[in-house]
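First comes the structure, then the notes that go with it.
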Amino acid sequence: MSGVWGWFGGSSTQKKKDSPKNAILQLRSQLEMLQKREKHLQNQMDEQDAIARKNVSTNKNAAKAALRRKKQHEHTLEQTSAQISTLEQQIYSIEAANINRETLLAMENAGKAMASIHGKLNIDKVDETMEKLREQHALGEEIATAITSAPIGEPIDEADLEDEMAALEQEQLDNQMLSPSVPISDEVHKLPTVANGEIKQKQPAHTVEEDEEEEFRKLQAEMAL
């Protein structure tokens, strides 16, 4: 039963919505008929005017009758023109009212849609949400800073490094002191300094075989003399 009543209700709503459109269609149809009548009356007036002009000199009675009919058509034409003007004004008024109604209905639907979207949302809720977003953003910045600044692995003890460095230096010094071929003092004197200028290239040492060969050449030269 409710479905039937709902259908009737829906049909009534649809008829109410279509009422302005139907009224405009009916008015336009009547306007079209009146415009045709207006054109026809104007033709009748022109025709009677031509008859009166034709008989004005030869048949005055026919000319007067034509003018009388012209006046009747003219009076009817004036009424028809007034009706046309009234219909045009009514069509304009209905169209404007219909546009206003549709605009208001659209605005009401927009208001309902906005209310549905906002729901329980208010300015306090917005402020609370924005504050949470700012807190999470700050937390993200802190996490990023901690990740990029924290060293990977166990931290290195600088004191242990100094102890190991000192042990290596002592080991190197001990090895130099235990070496019998090159005294430490000689090594120090042999090191070049900037003040001494360019380091001279070390001359290669002559071997025993080269010295004997040199003496042999000298002896050959003396014998040849």
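Placement of Cβ uses the backbone N, Cα and C atoms for every residue, glycine included.
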Among 1-22, 67-88, TrEMBL lists region 'Disordered' at 1-22
Quick one: mean pLDDT on the coiled coil (24-97)?
93
